[in-house]
Amino acid sequence: MNPSPSPAAQRATPHDADLVVFGGTGDLSMRKLLPALYHCDRDGRLAPQTRIIALSRGGLTDDDLRGKVDAEVRSAVPEGDDPEVWRRFLARLRHVPVDVRDDGDLHEGWRDLAALLGGNEDRDRIFYLASPPMTFGPFCRQAQQAGLVTPRSRVVLEKPLGRDLASARQINDEVGAIFAESQIYRIDHYLGKETVQNLLVLRFANAFLEPIWNSLWIDHVQISVTETVGTPGRRGYYDQAGALRDMVQNHLLQLLCLVAMEPPARNDRESIRDEKLKVLQSLRPISGSEADRFTVRGQYAEGPGMPGYLDEPDRSPPTDASYRVETFTAIRAEVKNWRWAGVPFYLRTGKRLPSRRSEIVVQFKDVPHSIFPGGSPNRLVLRLQPSEGIDLHIMAKEPGAGEVTLRPVPLGLSFARTFGTRVPDAYERLLMDVMGGNPTLFMRRDEVEAAWRWIDPILATWDSAGTPPEPYPAGSAGPPSAHELLGRSGRAWHEEEPA
Ligand code: BG6
């Protein structure tokens, strides 16, 4: 039986749109966008005439694309596979081969695309750029040259937005020359995750947390996104990105913002983004010797049954960049403002670690005066994956006569169990938000640039060090320095402590 869509999903009113996906036959499209769109269709959130138009360099026909999606995507949506919806979904798909060479001429495909979209100027038109960032400017210019940019158009930019502040600015300028800021949706799929949304609700729809959400009561915060996967077949991208650009500049910093931001005055598109921006602007810069003390970078080496980063199967052999790139990073960040002064925010992410886990751990301080032996401080754990939920670890007395024995026990909320609905993938929510014209969960230009402004000096210090990252065996808990980063102050990563 299909789990029913959530009431929030049912409330949305769909209207006809053309979703034009550049990179529409690529990995992101096949793994994330199309399964998400299928689920939206199944939940009745795509209007009857909505079309999904994939653009790629390959010379596919509409039927070729449908065959490819049938073969590659259907298996990714098993729990919702309804033959009738699946047929309807496939019928929405179109393919147009385009060439985005940026030499002033309109190349192959653009006229076909214009013919396909023509006469539908009153519909929402969404250009989703699931392609490398250097294509964003050329794509937008050519879309404009082909007369495709209408007042109802929006453009969605996938991360990474550049590789440093300068390149991010250039992309923002180029896209901004064609689309107004209100039409630009910079996606960070972490902001569409259910627990991330719930963090806002937990903080701002409950009264009990706010008085203790500060440096008086909170010892430190940990934000961890650990993955078991490596990077096979991704060397071309990953060598240039590394964990800092791939994960920290966007996903982890966005999570940090939501934990640290001040209560916004309203739940609207600008108020939340204004508050997040202030957090990014308050991050203490890390560079030079501080980068050595407060940051860690590692690269996985061979581990039990797993190759090291340099030996991952790939089309191209390792280059100099491969030897230097980090597949793991840990950082001790600080938000320099009244609320958070002195509270470390530990960020950590890496590939080929022992478990796939994304979580935010808010570690409270110990009781001011303890009358029981064996207590440990309270901890709030927000699980983004797996099994989205929230646990508040409190101290309880073990049942029994005699000595009082304390044990930390979690008061837990599992979204799947409590609400009995399928937890939608982040891309479902975000795609529906783009279609509904709601940019609240997308990054504004100033946010992206403020994040790069903090990241750039760390990158510069790492680059100038000229030393390779610290190796850690694939499948291990990361390089020893990551443990020392917390260990120096008597702290430990969440999973290393007794529960
Ligand atoms: C992407 C990164 O943005 O996020 C990938 O490019 C990473 O390297 C992925 O694996 C993790 O996303 P999730 O939702 O699986 O945690």
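Cβ atoms here come from the backbone N, Cα and C positions, even for glycine.
TrEMBL: automatically predicted annotations, no manual curation.
Over in TrEMBL, the protein carries these features:
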{"type": "DOMAIN", "residues": "20-198", "note": "domain 'Glucose-6-phosphate dehydrogenase NAD-binding'"}
{"type": "DOMAIN", "residues": "200-494", "note": "domain 'Glucose-6-phosphate dehydrogenase C-terminal'"}
{"type": "ACT_SITE", "residues": "HIS251", "note": "active site, proton acceptor"}
{"type": "COMPBIAS", "residues": "473-482", "note": "compositional bias 'Low complexity'"}
List, by number or range, the same-chain residues at least 6 past the compositional bias 'Low complexity' (473-482) whose CB is under 8 A from its CB atoms?
228, 230, 296, 298, 300-308, 328, 330, 348, 350, 352-354, 493, 496
Under 8 Å by Cβ from HIS251 (active site, proton acceptor), same chain, sequence gap 6 or more:
ASP188, HIS189, TYR190, VAL225, THR349
How does the compositional bias 'Low complexity' (473-482) divide up by DSSP, counting helix, then strand, then coil residues?
3 helix, 1 strand, 6 coil
On the 0 to 100 pLDDT scale, where does the domain 'Glucose-6-phosphate dehydrogenase NAD-binding' (20-198) sit on average?
92
